[in-house]
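Novice: What follows is a structure written as structure tokens; I'll ask about it next.
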Amino acid sequence: MKIVKFGGSSLATGTSVEQALKIILSDTERQVVVVSAPGKRSNDDIKVTDLLIKYANATLNQEDPQEIVRQIFARYQEIGQYFGLNKQELTTIQSILLNLPKKAYPNDSYLMAAFKAHGERLNARLIAMILKHQGIKSRFLDPAEAGLIVTGEPNDALVNPESYLNLDQIKIAPDERVIFPGFFGITPSGHIATFSRGGSDITGAILARGFHADLYENFTDVNGIFAANPHIVAHPRSIKQMTYREMRELSYAGFSVFHDEALIPAIQGQIPINVKNTHEPDNPGTMIVPEKNFEPDNTITGVTSQKHFSALYLHKYLLNKEAGFTLRILQILYQHNIPYEHMPSGIDDITIIFNNDFLNDQLIDQICNEIQSTINPDQLEWIDDYAIIMIVGEGMKKTHGVSRKILDSLDEHQISPQMINQGASQISMMIGTKKEKADEAVKIIYRQFFN
Ligand SMILES: Nc1ncnc2c1ncn2[C@@H]1O[C@H](COP(=O)(O)OP(=O)(O)O)[C@@H](O)[C@H]1O
Ligand SMILES: N[C@@H](CC(=O)OP(=O)(O)O)C(=O)O
């Protein structure tokens, strides 16, 4: 059996849903279908998830939400009408939308999560209705009914392992198609909580593990995973095959096409993932597979950058001899509830790299003051325009001179790395640069290894 996930970019219009249904019905093994909320129809369009966030905010601010509800419903109506659904069938969707503010939520964060989740919840209902309308045996399966239990933050939830036991109990008839909404699960007390943005990929992977699928097919709007972000490098090469750990490093570091957390259930279940193009289903796309029996066909598999970082550089002589130096820094960060991303160090210095999402000016001042007074470094520098370039490839550990080739090519273009870090697995190299140099660095490294 295969789990098939369609992203919002593949379900934005009636024509694209028709193409998705064609793909589902062309293979009897494609029995469980995970759907996202309708995505953008054009570059300046708004995803349904973002419209729902506006609806939630309007509700919280006690503003009139009529216009926004009209816009959201119009997206489902457009798709439903394309398939000839009647007014009454579509009214169910409209009334669920209108009723959202009347439900009880433990707090504003749960309200936000529940509103957001309805992009997927209503789309799964709609697609199941369309299939039924076409005489195809199909079922809408809700995470509440399936027992997809999550814990943690209402808008950044994590799957609870009991979900796998619950999914194992679900019976699917051989000729039946199950339509499952992506992006959310149910908390132990029965409320909706969503994964982080882009989290329908996670639902697909959870179901792939829970239903012991042979393959997890993830359909998007491009021919698989490219070796670099197509918005940075024009027409990058598509990766034929890569390992789970390569993908995890690349998706964590900026390959937004596949969610980094979605790799974990697939790895646990050892289920291969095939990222494919809805608009070109015969293209083989990218296979993501376990490390064993893998022969890389290029030294590097991909290069990516992320620009939302800041760094704290600390210099202190004999830092290596001072017991508890890092511990005291971490205690300060812990007191302010600030996580860090990386902490490369030398004999006399240490750089702590932060995700800007967890910082504000007041917090930055507070932690710098506290570190200065507690640690008393010789030099303390805050760098707020930091980017990380990540070069990943199973082929890197077998090839000599990869780092030299990368650093020489950057040097030729006057880009001087502020930090270099090679992971112990030897399949990735991380380079810190100024934010404004990040895209150029990606282009240079891509050209060096792929052209
Ligand atoms: N390395 C990459 N390979 C392929 N696509 C990428 C890459 N990096 C960024 N993207 C972008 O990711 C988009 C697909 O992701 P997304 O819009 O979230 O799809 P979906 O709606 O199918 O989940 C592509 O259209 C592409 O612009
Ligand atoms: N609709 C949600 C979840 C998701 O995964 O969407 P997509 O598959 O279109 O990236 C979001 O926009 O975050």
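Cβ atoms are placed via backbone N, Cα and C, with glycine included.
All annotation found in TrEMBL is predicted automatically rather than curated by experts.
So TrEMBL says this about it:
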type: DOMAIN; residues: 2-277; note: domain 'Aspartate/glutamate/uridylate kinase'
type: BINDING; residues: Glu120; note: substrate binding site
type: BINDING; residues: Thr220, Asp221; note: ATP binding site
type: DOMAIN; residues: 389-449; note: domain 'Aspartokinase ACT'
Novice: Reduced to three states, what secondary structure does DSSP give Glu120 (substrate binding site)?
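Specialist: Reduced to three states, the DSSP call for Glu120 (substrate binding site) is helix.
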Novice: Sort out the sequence-distant neighbours of Thr220 (ATP binding site) for me: same chain, 6+ apart, CB within less than 8 Å of its CB, listed by position.
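Specialist: For Thr220 (ATP binding site), the qualifying residues are Gly7, Ser9, Ser10, Val257, Val275, Lys276, Asn277, Thr278.
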Novice: For the domain 'Aspartokinase ACT' (389-449), what does DSSP give as the number of helix, strand and coil residues?
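Specialist: Summed over the domain 'Aspartokinase ACT' (389-449), the classes give 31 helix, 15 strand, 15 coil.
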Novice: Any idea what the model's mean pLDDT is for the domain 'Aspartate/glutamate/uridylate kinase' (2-277)?
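Specialist: Across the residues of the domain 'Aspartate/glutamate/uridylate kinase' (2-277) the model's pLDDT averages 96 on the 0 to 100 scale.
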Novice: Filtering Glu120, Thr220, Asp221 (binding-site residues) by proximity to ligand 1: which pass a Cβ cutoff of under 6 Å to any of its atoms?
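Specialist: Cβ < 6 Å from ligand 1, in sequence order: Thr220, Asp221.
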Novice: Just the number: how many Å between the Cα atoms of Asp221 (ATP binding site) and the residue listed as 'substrate binding site'?
Specialist: 18
Novice: In the structure shown, which of the binding-site residues Glu120, Asp221 has the fewest Cβ neighbours within 10 Å?
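Specialist: Fewest other Cβ atoms within 10 Å, among the binding-site residues Glu120, Asp221, is found for Asp221.
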